[in-house]
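Each remark here refers to the structure printed beneath this line.
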């Protein structure tokens, strides 16, 4: 295919995005398609839109899952979003590697992610960033970018970090608190928090046991002195 074909009618005037778009406020069951969608594709000409549409047609179910119901539990939203981005991002990379020349890669990466963004509330750049975090297993950054305001576990983590200096002081620990905060912030599973918070307690208990096992020297000295004082009387 010629380079002019790959540019997808780049010389054509891009269709402007309408300011108020009722059909973009959609649920998972109402996704705009065809001409209704291309009218709102800013920066995508009709030819470019058709190429993106045909190439991503096999992944329609993943495109739909980019716009999930608001009442869906957060755990499922994160799971479905990651799965969709992994599938779509991998498919886009295959297109770039096998069908594009070096100087065309940047253009078509931008166009394909822009097409994907039509099915999501997020912009193309945000979706690309989320895909990057998913691909490199940067879970913390992925969660921060996907749901910066919707994370109750973040407030819980913040409260734990505030309590950490007081806990260390109460247990008589004077270690590296900033290092402990860093470890706590990296934790994902709730069970791990309990393990970390119980470690100082166990060390405290072992300290107490060792103190109880120390010999009581003062009592032995008093007993010996008493025996010496009583010994002359017994001899007389």
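Just so you know, glycine gets a Cβ as well, placed from its N, Cα and C.
Residues or ranges marked as compositional bias 'Basic and acidic residues' by Swiss-Prot: 198-212, 227-236. Swiss-Prot lists 214-226 with the feature compositional bias 'Basic residues'. Feature annotation from Swiss-Prot assigns region 'Disordered' to 1-29, 197-236. Annotated region 'CHD1 helical C-terminal domain (CHCT)' per Swiss-Prot: 44-145, in sequence order.
Across the region 'CHD1 helical C-terminal domain (CHCT)' (44-145), DSSP classifies residues as 80 helix, 0 strand, 22 coil. Taken together, the residues in the region 'CHD1 helical C-terminal domain (CHCT)' (44-145) have a mean pLDDT of 92 on the 0 to 100 scale.
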